[in-house]
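Written below as C-alpha cells is the structure these notes are about.
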Amino acid sequence: MSQSPKVGFVSLGCPKALVDSEQIITQLRAEGYEISGTYDGADLVVVNTCGFIDEAVQESLDAIGEALTENGKVIVTGCLGAKSSASGSNLIEEVHPKVLAVTGPHAVGEVMQAVHSHLPKPHDPFVDLVPAAGIKLTPRHYAYLKISEGCNHRCTFCIIPSMRGDLVSRPVAEVMLEAENLFKSGVKELLVISQDTSAYGVDVKYRTGFWNGKPIKTRMTDLVAALGELAAQYGAWVRLHYVYPYPSVDEVIPLMAEGPFKGHVLPYLDVPFQHAHPDVLKRMKRPANAEKVLERVQKWREICPDLTIRSTFIAGFPGETEAQFETLLDFIREAELDRVGCFAYSPVEGATANELDGALPDDVREERRARFMEVAEEVSARRMQRKVGKTLKVLIDEVGNEGGIGRTAADAPEIDGVVYVEPAAKASKRYKVGDFVSVKITGADGHDLWGEV
C-alpha cells in the first residue's frame with residue numbers, strides 16, 4: 001500500500017487566518033493527504049501568512065524562507081499573498097522567487113489547486129474520517145467560528161479590505177450548522193470572529209435564513225440569540241470578538257444580562273475603539289467620540305453589571321497632539337475598560353494614513369504607548385482586585401502537577417488573563433481540561449487571578 005502524500009503547514013496571524021488554515025487542513029485531510037509536523041517529513045509545505053503590520057510581514061517572509069531552506073517546495077497563502085512590492089510586483093514572489101504558488105487570503109480552492117498541481121491527491125481518500133466540525137488547530141474544548149469575510153470600512157490605518165475584500169456574510173444556516181457540529185464534538189467555548197462582527201448580514205440586507213425550520217435573520221443580534229440558545233443546550237459559552245461600535249451593539253447587551261442566554265452568551269465585548277478624541281477618530285475614519293462612548297459604556301454596564309470590555313487603541317497617530325493624547329488617557333480612566341491593548345502607530349504600506357500630515361517621531365509614539373499602558377494597567381489592577389473573594393466559573397485549559405490554568409467569562413484565550421487554580425484537595429473536586437469548575441478567587445494582579453476549587 002502506497003504512503004499518503006504529506007503536507008507541512010505553518011499558520012501565522014490572527015484568529016481569522018487560523019480559521020482559514022483549519023479550512024485548508026480540513027480539505028487536505030478530506031482528500032487523503034496527511035499533515036506533517038516537520039519540514040523534512042513533508043512532500044511540500046503550505047505557509048499561511050499575515051501582512052497587517054511591518055513586523056508581521058517580516059515574520060511571514062522569514063517563515064517562507066525557512067520553509068524553502070528546510071523543505072524546498074512551498075505554497076504561500078494568506079494576507080501577505082495579496083500584497084504588492086514598491087515595484088508593483090507580488091512581494092512574496094519578488095523576495096522568494098522559488099515558491100511554487102502564491103494566493104491571497106480565504107482561498108481554499110486556489111490552495112488546493114496548487115497542491116494538486118505539485119502533489120497529486122491520493123486515490124480513494126477516507127473522507128469519513130474527517131469530523132463534521134472540520135479539522136481544528138485550537139484545543140478540543142474551544143474553537144473559532146468565522147461568520148463573515150472582509151470589511152466595508154476604510155479606516156486610514158488599515159489595509160485589510162485591500163487584502164480580504166468587502167464584507168461577505170456566511171449564510172446563517174451554514175454558521176449554525178458549523179456551531180452545532182462544534183458543540184457536538186465537545187467544544188465548550190465558541191469564539192465568534194470576523195473582520196466586523198457587528199456588520200453581519202449588511203451585504204445581504206439582513207436576509208432571512210432557516211435553521212431547523214425556524215427563520216433567523218442574517219443579522220448579528222438574531223445570530224447571537226440563536227447561538228445562545230444552541231449553547232445553552234450543550235452548557236457551553238459563546239464569546240463575541242471584533243464588534244465594531246454600531247448602535248446595534250446595544251441590542252446584544254440584554255442577551256448577556258438576563259433570560260435563557262445568560263451565562264451562555266458571555267458578558268464580554270471585544271470592541272476596537274482605537275482612540276477617544278473626535279479629531280483623531282475623524283483622521284482614522286472611525287466613528288464616535290469619547291463622550292458618546294462613555295455614555296454607551298455606562299449604559300451597557302447598567303444593563304449588564306458583569307460586562308467585560310476589551311479594546312485596542314493606537315497611540316501616536318499622525319497629527320495627534322499631546323492634548324488629544326491626554327483626552328485618550330482621561331477616557332481610559334473614566335471608562336475603566338477591563339482589558340486593553342495599545343500599539344504605537346506604525347506606517348503600513350498601502351494605508352492612506354501614510355499620506356496624512358503630522359507624522360510623529362518614533363520615540364514620541366513609543367513614549368505615548370508606554371504611558372497609555374501604565375494608566376491601563378492601573379485601571380485593570382483595580383478591576384481585578386474587585387474579584388478577590390468572589391466565586392467564578394472557570395473553564396480549565398491546562399492541568400499539571402501544580403494545579404490548573406483556566407479562564408473566566410472575562411478572559412478570551414491567548415489575549416487576556418488566566419486563573420491559576422490550586423490542585424483539587426479532594427477526589428470529588430478533581431478537574432480536567434475542558435471542565436467548568438467553580439473557583440473561589442484568593443488573589444489578583446493586573447492581569448491574572450489565583451484561586452481554589
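Numbering starts at 1 and runs along the chain as it is shown here.
Any Cβ shown, glycine's included, is placed from N, Cα and C.
Quick caveat, the model's predicted, so the values are computed rather than measured.
Summarising the annotation, Swiss-Prot assigns [4Fe-4S] cluster 1 binding site to Cys14, Cys50, Cys79 and lists sequence analysis as the type of evidence. Classification of Cys14 ([4Fe-4S] cluster 1 binding site) by DSSP places it in coil, neither helical nor stranded.
In the three-state DSSP reading, Cys158 ([4Fe-4S] cluster 2 binding site) counts as coil. Cβ neighbour count for Cys158 ([4Fe-4S] cluster 2 binding site) (all protein chains, 10 Å cutoff from its Cβ): 22. According to Swiss-Prot, the feature [4Fe-4S] cluster 2 binding site maps to Cys151, Cys155, Cys158.
Residue counts for the domain 'MTTase N-terminal' (5-120) under DSSP (helix as H, G, I; strand as E, B; rest coil) come to 53 helix, 24 strand, 39 coil. The domain 'MTTase N-terminal' feature in Swiss-Prot is assigned to 5-120; the stated evidence is sequence analysis.
Per Swiss-Prot, domain 'Radical SAM core' is recorded for 137-382, and the stated evidence type is sequence analysis.
Per Swiss-Prot, domain 'TRAM' is recorded for 385-453, and the stated evidence type is sequence analysis.
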Q) Taking the centroid of the Cβ atoms of Cys14, Cys50, Cys79 ([4Fe-4S] cluster 1 site), which other same-chain residues have Cβ within 8 Å of it? A) Leu12, Gly13, Lys16, Ala17, Thr49, Gly51, Phe52, Ala56, Gly78, Leu80, Pro105
Q) What does DSSP assign Cys151 ([4Fe-4S] cluster 2 binding site), in three states? A) coil
**Q.** Rounded inter-Cα distance in Å - Cys155 ([4Fe-4S] cluster 2 binding site), Cys79 ([4Fe-4S] cluster 1 binding site)
**A.** 17
Q | Rounded distance in angstrom between the Cα atoms of Cys158 ([4Fe-4S] cluster 2 binding site) and Cys79 ([4Fe-4S] cluster 1 binding site) | A | 12
(Q) If I restrict to non-local contacts, at least six residues apart, and a C-beta distance under 8 angstroms, what lies near Cys79 ([4Fe-4S] cluster 1 binding site) in its own chain? (A) Gly13, Ala17, Thr49, Cys50, Gly51, Phe52, Gly104, Pro105, Ile160, Met163, Arg164
Q. Far apart in sequence but close in space: which same-chain residues, 6 or more away, have a Cβ under 8 Å from Cys14 ([4Fe-4S] cluster 1 binding site)?
A. Cys50, Phe52
Q. Where does the mean pLDDT land for the domain 'TRAM' (385-453)?
A. 90
Q: Tally every other Cβ atom lying within 10 Å of the Cβ atom of Cys151 ([4Fe-4S] cluster 2 binding site).
A: 22
